[in-house]
Amino acid sequence: MAATERQKQALHELTARGTLTAEQESAVIAALDDTGPPQRIGDRLAEVAAYLGGGLLLGGAALVLGVSWQDMARLARIGVLGAATAALLVAAFVVAGGMSAVRSVSSRRRRVVSTLFSLAAVTAAFTAGTSVSEHEFVVGATAGLVVAVGAYVLVTTALGYLTLAAAAIATVVAWVGESMPSSALPGGVALFALGVIGMFLSLVDVLRPTQLALAVGAATALFGAQQLLSGDAPVAYALTAGLAFLCFVTYFRVHSTVLLVAGVVATTIVVPEIVWDLTDGAVGGGLLLLVAGAVLLATSLGSTWLRRTR
(Lines of atoms letter the chains of each structure in order from A and count residues from 1; the text may use other names and numbers.)
(Lines give C-alpha, C1' and ligand atoms only; values in the text may rest on other atoms or scores of the structure.)
Protein backbone atom coordinates (compact mmCIF):
# COMPACT_ATOMS: atom_id res chain seq x y z
CA MET A 1 0.00 0.00 0.00
CA ALA A 2 1.17 3.55 -0.64
CA ALA A 3 1.91 5.75 2.35
CA THR A 4 -0.95 8.06 3.31
CA GLU A 5 -0.48 11.73 4.11
CA ARG A 6 -0.92 11.04 7.83
CA GLN A 7 1.73 8.32 7.70
CA LYS A 8 4.11 10.62 5.85
CA GLN A 9 3.50 13.36 8.42
CA ALA A 10 4.22 10.91 11.24
CA LEU A 11 7.48 9.92 9.56
CA HIS A 12 8.39 13.62 9.18
CA GLU A 13 7.84 14.14 12.90
CA LEU A 14 10.07 11.17 13.74
CA THR A 15 12.76 12.59 11.47
CA ALA A 16 12.45 16.03 13.07
CA ARG A 17 12.91 14.49 16.53
CA GLY A 18 15.99 12.61 15.37
CA THR A 19 14.46 9.14 15.71
CA LEU A 20 14.83 8.57 11.97
CA THR A 21 17.29 10.03 9.50
CA ALA A 22 16.12 11.66 6.28
CA GLU A 23 17.46 8.67 4.34
CA GLN A 24 15.54 6.22 6.53
CA GLU A 25 12.35 8.24 6.10
CA SER A 26 12.69 8.16 2.32
CA ALA A 27 13.41 4.42 2.42
CA VAL A 28 10.27 3.70 4.48
CA ILE A 29 8.07 5.74 2.14
CA ALA A 30 9.58 4.04 -0.91
CA ALA A 31 9.04 0.61 0.66
CA LEU A 32 5.39 1.39 1.37
CA ASP A 33 4.88 2.62 -2.18
CA ASP A 34 6.38 -0.59 -3.54
CA THR A 35 3.96 -2.82 -1.62
CA GLY A 36 0.88 -1.75 -3.54
CA PRO A 37 -1.19 -4.14 -5.68
CA PRO A 38 0.37 -5.22 -8.98
CA GLN A 39 -0.21 -2.77 -11.76
CA ARG A 40 -2.65 -3.91 -14.41
CA ILE A 41 -1.68 -4.12 -18.06
CA GLY A 42 -4.24 -1.46 -18.92
CA ASP A 43 -2.76 0.94 -16.39
CA ARG A 44 0.72 0.36 -17.74
CA LEU A 45 -0.42 0.94 -21.31
CA ALA A 46 -2.20 4.13 -20.27
CA GLU A 47 0.93 5.34 -18.50
CA VAL A 48 3.14 4.58 -21.51
CA ALA A 49 0.60 6.22 -23.85
CA ALA A 50 0.59 9.36 -21.74
CA TYR A 51 4.38 9.56 -21.80
CA LEU A 52 4.49 8.99 -25.55
CA GLY A 53 1.67 11.44 -26.17
CA GLY A 54 3.34 14.20 -24.21
CA GLY A 55 6.68 13.57 -25.86
CA LEU A 56 5.19 13.42 -29.35
CA LEU A 57 3.21 16.60 -28.72
CA LEU A 58 6.31 18.46 -27.65
CA GLY A 59 8.38 16.96 -30.45
CA GLY A 60 5.73 17.76 -33.03
CA ALA A 61 5.51 21.36 -31.94
CA ALA A 62 9.30 21.64 -32.04
CA LEU A 63 9.41 20.11 -35.52
CA VAL A 64 6.73 22.42 -36.89
CA LEU A 65 8.43 25.46 -35.46
CA GLY A 66 11.87 24.30 -36.52
CA VAL A 67 10.85 23.79 -40.14
CA SER A 68 8.56 26.80 -40.48
CA TRP A 69 9.91 29.23 -37.88
CA GLN A 70 11.14 31.83 -40.33
CA ASP A 71 7.96 31.67 -42.39
CA MET A 72 5.53 31.86 -39.48
CA ALA A 73 4.18 35.09 -38.07
CA ARG A 74 4.68 35.81 -34.38
CA LEU A 75 1.02 35.08 -33.63
CA ALA A 76 1.27 31.72 -35.37
CA ARG A 77 4.32 30.78 -33.31
CA ILE A 78 2.58 31.82 -30.12
CA GLY A 79 -0.49 29.86 -31.17
CA VAL A 80 1.41 26.63 -31.76
CA LEU A 81 3.37 26.86 -28.52
CA GLY A 82 0.36 28.02 -26.52
CA ALA A 83 -1.78 25.19 -27.88
CA ALA A 84 0.90 22.67 -26.95
CA THR A 85 1.08 24.11 -23.43
CA ALA A 86 -2.69 24.04 -23.01
CA ALA A 87 -2.91 20.48 -24.33
CA LEU A 88 -0.24 19.28 -21.90
CA LEU A 89 -1.96 20.96 -18.94
CA VAL A 90 -5.36 19.58 -19.89
CA ALA A 91 -3.89 16.10 -20.34
CA ALA A 92 -2.28 16.31 -16.90
CA PHE A 93 -5.57 17.21 -15.22
CA VAL A 94 -7.42 14.50 -17.15
CA VAL A 95 -4.93 11.84 -16.10
CA ALA A 96 -5.18 13.03 -12.49
CA GLY A 97 -8.97 12.75 -12.59
CA GLY A 98 -9.79 16.45 -12.44
CA MET A 99 -8.40 19.61 -10.89
CA SER A 100 -9.60 18.70 -7.41
CA ALA A 101 -7.87 15.30 -7.54
CA VAL A 102 -4.43 16.48 -8.62
CA ARG A 103 -2.93 16.80 -5.14
CA SER A 104 -4.16 13.36 -4.03
CA VAL A 105 -3.42 11.44 -7.23
CA SER A 106 -1.99 7.93 -6.78
CA SER A 107 1.74 7.36 -7.07
CA ARG A 108 1.39 5.63 -10.45
CA ARG A 109 -0.53 8.47 -12.04
CA ARG A 110 1.58 11.00 -10.20
CA ARG A 111 4.58 10.19 -12.41
CA VAL A 112 2.56 10.82 -15.56
CA VAL A 113 1.00 14.03 -14.26
CA SER A 114 4.39 15.33 -13.16
CA THR A 115 5.90 14.56 -16.57
CA LEU A 116 3.11 16.39 -18.39
CA PHE A 117 3.40 19.38 -16.07
CA SER A 118 7.16 19.49 -16.59
CA LEU A 119 6.74 19.48 -20.37
CA ALA A 120 4.13 22.23 -20.01
CA ALA A 121 6.63 24.36 -18.08
CA VAL A 122 9.06 24.07 -21.00
CA THR A 123 6.50 25.02 -23.64
CA ALA A 124 5.15 27.82 -21.44
CA ALA A 125 8.65 29.29 -21.24
CA PHE A 126 9.01 29.24 -25.02
CA THR A 127 5.51 30.66 -25.47
CA ALA A 128 6.21 33.60 -23.18
CA GLY A 129 9.62 34.23 -24.70
CA THR A 130 8.17 34.21 -28.20
CA SER A 131 5.38 36.62 -27.29
CA VAL A 132 7.75 39.54 -26.62
CA SER A 133 10.16 41.36 -28.88
CA GLU A 134 12.80 42.05 -26.23
CA HIS A 135 14.01 40.50 -22.98
CA GLU A 136 12.92 37.12 -24.35
CA PHE A 137 15.14 35.09 -22.04
CA VAL A 138 13.98 36.90 -18.93
CA VAL A 139 10.29 36.66 -19.79
CA GLY A 140 10.50 33.06 -20.92
CA ALA A 141 12.50 31.83 -17.95
CA THR A 142 10.23 33.63 -15.50
CA ALA A 143 7.10 32.17 -17.09
CA GLY A 144 8.61 28.70 -17.00
CA LEU A 145 9.46 29.18 -13.33
CA VAL A 146 5.89 30.21 -12.50
CA VAL A 147 4.48 27.09 -14.17
CA ALA A 148 7.15 24.89 -12.59
CA VAL A 149 6.37 26.24 -9.11
CA GLY A 150 2.65 25.63 -9.61
CA ALA A 151 3.30 22.12 -10.90
CA TYR A 152 5.59 21.30 -7.99
CA VAL A 153 3.07 22.54 -5.43
CA LEU A 154 0.32 20.44 -7.01
CA VAL A 155 2.39 17.30 -7.58
CA THR A 156 5.60 16.98 -5.59
CA THR A 157 7.92 14.54 -7.36
CA ALA A 158 11.61 14.25 -8.15
CA LEU A 159 10.98 15.24 -11.77
CA GLY A 160 8.88 18.18 -10.65
CA TYR A 161 11.68 19.34 -8.38
CA LEU A 162 14.31 19.01 -11.11
CA THR A 163 12.12 21.06 -13.45
CA LEU A 164 11.68 23.68 -10.73
CA ALA A 165 15.42 23.79 -10.05
CA ALA A 166 16.28 24.15 -13.74
CA ALA A 167 13.71 26.93 -14.15
CA ALA A 168 15.01 28.74 -11.06
CA ILE A 169 18.61 28.57 -12.30
CA ALA A 170 17.58 29.81 -15.75
CA THR A 171 15.59 32.67 -14.20
CA VAL A 172 18.47 33.79 -11.99
CA VAL A 173 20.91 33.66 -14.90
CA ALA A 174 18.48 35.57 -17.12
CA TRP A 175 17.73 38.36 -14.65
CA VAL A 176 21.31 38.85 -13.50
CA GLY A 177 22.65 38.67 -17.04
CA GLU A 178 20.09 41.21 -18.19
CA SER A 179 20.75 43.58 -15.29
CA MET A 180 24.54 43.30 -15.00
CA PRO A 181 25.94 41.75 -18.17
CA SER A 182 29.47 43.12 -17.84
CA SER A 183 30.55 41.23 -14.71
CA ALA A 184 30.55 37.56 -13.75
CA LEU A 185 30.56 38.37 -10.03
CA PRO A 186 26.81 39.03 -9.57
CA GLY A 187 25.84 35.92 -11.51
CA GLY A 188 28.19 33.66 -9.58
CA VAL A 189 27.12 35.05 -6.22
CA ALA A 190 23.45 34.81 -7.21
CA LEU A 191 23.80 31.14 -8.18
CA PHE A 192 25.69 30.43 -4.97
CA ALA A 193 22.91 32.09 -2.96
CA LEU A 194 20.26 30.18 -4.91
CA GLY A 195 21.98 26.90 -4.13
CA VAL A 196 22.31 27.67 -0.43
CA ILE A 197 18.67 28.74 -0.24
CA GLY A 198 17.66 25.52 -1.97
CA MET A 199 19.65 23.50 0.57
CA PHE A 200 17.99 25.34 3.45
CA LEU A 201 14.51 24.82 2.01
CA SER A 202 15.20 21.12 1.61
CA LEU A 203 16.30 20.84 5.23
CA VAL A 204 13.05 22.41 6.45
CA ASP A 205 10.97 20.07 4.26
CA VAL A 206 9.84 22.73 1.79
CA LEU A 207 11.66 21.10 -1.11
CA ARG A 208 11.43 17.35 -1.58
CA PRO A 209 12.83 14.75 -2.16
CA THR A 210 15.17 16.06 0.54
CA GLN A 211 18.36 14.30 -0.54
CA LEU A 212 17.91 15.23 -4.19
CA ALA A 213 17.20 18.85 -3.30
CA LEU A 214 20.27 18.94 -1.05
CA ALA A 215 22.46 17.54 -3.82
CA VAL A 216 21.16 19.94 -6.47
CA GLY A 217 21.43 22.89 -4.10
CA ALA A 218 25.03 22.05 -3.21
CA ALA A 219 25.95 21.51 -6.86
CA THR A 220 24.37 24.84 -7.83
CA ALA A 221 26.20 26.69 -5.05
CA LEU A 222 29.52 25.09 -6.01
CA PHE A 223 28.98 25.87 -9.68
CA GLY A 224 28.19 29.50 -8.88
CA ALA A 225 31.28 29.86 -6.72
CA GLN A 226 33.56 28.34 -9.35
CA GLN A 227 32.27 30.72 -12.03
CA LEU A 228 34.30 33.48 -10.37
CA LEU A 229 37.73 31.85 -10.71
CA SER A 230 38.77 33.79 -13.80
CA GLY A 231 38.11 37.32 -12.52
CA ASP A 232 37.40 37.15 -8.80
CA ALA A 233 39.43 34.21 -7.53
CA PRO A 234 39.48 35.25 -3.83
CA VAL A 235 35.69 35.42 -3.82
CA ALA A 236 35.52 32.01 -5.49
CA TYR A 237 37.80 30.53 -2.84
CA ALA A 238 35.82 32.14 -0.02
CA LEU A 239 32.48 30.91 -1.33
CA THR A 240 33.73 27.39 -2.02
CA ALA A 241 35.35 27.14 1.41
CA GLY A 242 32.22 28.60 2.96
CA LEU A 243 30.12 25.93 1.27
CA ALA A 244 32.38 23.19 2.63
CA PHE A 245 32.20 24.67 6.13
CA LEU A 246 28.42 25.01 5.91
CA CYS A 247 28.02 21.39 4.82
CA PHE A 248 30.21 20.02 7.61
CA VAL A 249 28.59 22.15 10.30
CA THR A 250 25.09 21.28 9.15
CA TYR A 251 25.98 17.61 9.20
CA PHE A 252 26.24 17.76 12.99
CA ARG A 253 22.50 18.48 13.08
CA VAL A 254 21.30 16.67 9.96
CA HIS A 255 22.66 13.20 9.31
CA SER A 256 22.86 13.27 5.51
CA THR A 257 25.50 11.63 3.35
CA VAL A 258 24.88 14.30 0.71
CA LEU A 259 26.18 16.99 3.06
CA LEU A 260 29.34 15.01 3.74
CA VAL A 261 29.97 14.36 0.06
CA ALA A 262 29.36 18.01 -0.82
CA GLY A 263 31.72 19.17 1.92
CA VAL A 264 34.43 16.76 0.81
CA VAL A 265 34.10 17.75 -2.85
CA ALA A 266 34.18 21.48 -2.09
CA THR A 267 37.23 21.08 0.16
CA THR A 268 39.05 18.92 -2.38
CA ILE A 269 38.45 21.55 -5.04
CA VAL A 270 39.28 24.71 -3.11
CA VAL A 271 42.50 23.70 -1.32
CA PRO A 272 44.49 22.87 -4.49
CA GLU A 273 43.13 26.04 -6.10
CA ILE A 274 44.40 28.14 -3.21
CA VAL A 275 47.78 26.39 -3.23
CA TRP A 276 48.12 26.97 -6.97
CA ASP A 277 47.23 30.64 -6.58
CA LEU A 278 49.52 31.28 -3.60
CA THR A 279 52.49 29.75 -5.43
CA ASP A 280 51.68 31.57 -8.70
CA GLY A 281 51.41 28.25 -10.47
CA ALA A 282 54.89 27.15 -9.40
CA VAL A 283 53.51 23.92 -7.97
CA GLY A 284 53.72 21.22 -10.62
CA GLY A 285 50.84 19.08 -11.71
CA GLY A 286 52.13 16.03 -9.85
CA LEU A 287 52.54 17.91 -6.58
CA LEU A 288 49.12 19.47 -7.02
CA LEU A 289 47.64 16.00 -7.40
CA LEU A 290 49.39 14.99 -4.19
CA VAL A 291 47.86 17.97 -2.42
CA ALA A 292 44.42 17.12 -3.78
CA GLY A 293 44.85 13.50 -2.72
CA ALA A 294 45.98 14.49 0.77
CA VAL A 295 43.04 16.85 1.15
CA LEU A 296 40.62 14.20 -0.09
CA LEU A 297 42.06 11.63 2.31
CA ALA A 298 41.95 14.05 5.24
CA THR A 299 38.38 15.12 4.57
CA SER A 300 37.33 11.51 4.05
CA LEU A 301 38.85 10.52 7.38
CA GLY A 302 37.18 13.51 8.98
CA SER A 303 33.83 12.61 7.49
CA THR A 304 34.23 9.03 8.74
CA TRP A 305 34.91 10.36 12.22
CA LEU A 306 31.82 12.56 12.00
CA ARG A 307 29.66 9.59 11.04
CA ARG A 308 30.98 7.52 13.95
CA THR A 309 30.51 10.27 16.52
CA ARG A 310 26.86 10.82 15.64
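Every residue number used here counts from 1 along the chain in the order it is shown.
Even glycines carry a Cβ here, placed using N, Cα and C.
TrEMBL labels come from automatic prediction, so no person has curated them.
Quick caveat, the model's predicted, so the values are computed rather than measured.
Listed features, source TrEMBL:
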type	residues	note
TRANSMEM	48-69	transmembrane segment
TRANSMEM	75-100	transmembrane segment
TRANSMEM	112-131	transmembrane segment
TRANSMEM	137-154	transmembrane segment
TRANSMEM	159-177	transmembrane segment
TRANSMEM	183-204	transmembrane segment
TRANSMEM	211-229	transmembrane segment
TRANSMEM	235-252	transmembrane segment
TRANSMEM	259-276	transmembrane segment
TRANSMEM	282-306	transmembrane segment
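Counting Cβ pairs closer than 8 Å and at least 6 residues apart in sequence, the transmembrane segment (137-154) and the transmembrane segment (183-204) reach fewer than three and form no contact. Note: the stretches the transmembrane segment (235-252) and the transmembrane segment (183-204) are in contact (3+ CB pairs below 8 A, sequence gap of 6 or more).
Sequence-distant neighbours of the transmembrane segment (112-131) (same chain, 6+ residues past either end, Cβ-Cβ under 8 Å): 47, 50-51, 54-55, 57-58, 61, 74, 77-78, 81-82, 84-85, 88-89, 91-92, 95-96, 102, 105, 137, 139-144, 146-148, 151, 154-155, 157, 159-160, 162-163, 167, 170.
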